[in-house]
Amino acid sequence: MTAATDTGWANPLRDSRDKRLPRIAGPCSLVIFGVTGDLAKRKLMPAVYDLANRGLLPPSFALVGFARRDWDNQDFGQVVHDAVRDHSRTPFREDVWERLSEGFRFVQGAFDDDAAFDQLATTLADLDEQRGTDGNHAFYLSVPPKAFPTVCEQLQRSGLAQHTGDNWRRVVIEKPFGHDLASAKELNAVVNGVFPEDSVFRIDHYLGKETVQNILALRFANQLFDPLWSSHYVDHVQITMAEDIGLGGRAGYYDGIGAARDVIQNHLLQLLALVAMEEPVSFEPRELQAEKIKVLSATRNILPLELNTARGQYGPGWQGSQSVPGLVDEEGFAADSITETFAAIAVEVDSRRWAGVPFYLRTGKRLGRRVTEIALVFKKAPHLPFDKTMTEELGENALVIRVQPDEGITLRFGSKVPGSSMQVRDVNMDFSYGQAFTESSPEAYERLILDVLLGEPSLFPVNAEVELSWKILDPVLQAWAEQGTPDTYESGMWGPRSAEDMMTRVGRVWRRP
Ligand code: BG6
């Protein structure tokens, strides 16, 4: 019997639905806390519109904003309108907008204001009556984690967290899920004290990206790669998430958090889990999560940490043709901030498939360019029947999953250079989404919001994954805290010297994507 059969989720053997057909959400409302924030404006509200435009929201859908601003429903509608105009992926259509905006409501209040939550309960009950949202409500907490306990308690106090009969209540939380393992546990206890685990949707927006979901297709729909996917052929794996932007304007969130907590704890360890996991029994959520959990449980830092991790903070430099300030000169950061903006770690997955293969994870702000990729770098051929001079330009074979931008996959291998002599050089074979498919990929938040409304949990990390990820990162963060000030690196370059050293020491180099 599979774990999925006792969960209440659809049993794949009995679910005969054609899985190619898009699923449309049922009647419901989505309440966004933190509706004045950047995420709501740039991602959440545009994604709601894009879903409506694609016909994936039901007529009985409502979007409710909750914030302290002195707005009425119309003001809120204008804010959503501006966000949609500036950031939606699909073209603006008046008829779609008209229908969608009839379901907009705004509730004014602070998180500790009982009356505001009672008002929210009344508003949602009215929507159930007038718009037919049927008592199904998703609460999206796009707010700082310190506000989670208050909002959860208020939802409980006002009766909004409890469903009745067949309807559902779900809560969506955004990272950071804690600051370390201990605080993640506390946070989870608060959330689970109000919402059962299967009603909690933790957003890791990388899992909503098409290219990330494609890792499963690449690995499990093909015969070609599987035999190569192990320590027999793979020398090491590099997972890189590089950004060229700085942190101006984000001090409130980022200072004291740093690159490892911001990105490695969630996005990069999730990518590692997808690359390293075994084939799940099915794509049922429980089965998929079980395989990811196995990988994260088997993941260990390579010791000693001083030699196998690196961290840095960007100093001034050039980004393209623009001169940019260092972190400590960005607005809101203290002159003595020790927050790292670059982090690299080396881990191993203790399993039969991966024993002895290092996985290098790195991320940074103000690096050479924006790129996220996963590279499997293969061992060199054990013997080369060529004269040495013929293969001087031959590197290692590599399979590179280009997560973004320029989404696709590259296979790098050696090829004969045309001419009368035998000379072998690296060439690339490319698959590019842009060329292979005509339709553009949905934004990660479109997919994830739709999945929340459908109650489809596959793409959301469960608490065990969050805690295991902190378990991996905690010792690294502790070691760094003891070391004090991070190295600096010049903006526009590829990180601190210590990152290069970490690789050269073991005879490897970071890729320069
Ligand atoms: C977020 C991080 O999770 O991901 C940000 O908090 C980062 O610091 C962002 O900039 C990057 O997302 P994307 O989708 O642009 O790669």
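Cβ coordinates come from backbone N, Cα and C, glycine included.
Site annotation for substrate in TrEMBL covers His205, Lys209, Asp262, Lys365, and the matching candidate from Glu186, Glu243, Glu284 is Glu243.
Following the DSSP three-state reduction, the secondary structure of Lys365 (substrate binding site) is coil.
Spatially, by CA atoms, the recorded positions Arg68, Lys175, His267 include one closest to Lys209 (substrate binding site), and that is His267. On a Cα basis, Glu243 (substrate binding site) lies 14 Å away from His267 (active site, proton acceptor). When the binding-site residues Arg68, Lys209, Lys365 are checked against ligand 1, none has a Cβ within less than 6 Å of one of its atoms. Summarising the environment of Lys365 (substrate binding site), the number of other Cβ atoms within 10 Å of its Cβ, over all protein chains shown, is 22. For the substrate site, whose annotated binding residues are His205, Lys209, Glu243, Asp262, Lys365, the maximal Cα to Cα separation is 20 Å.
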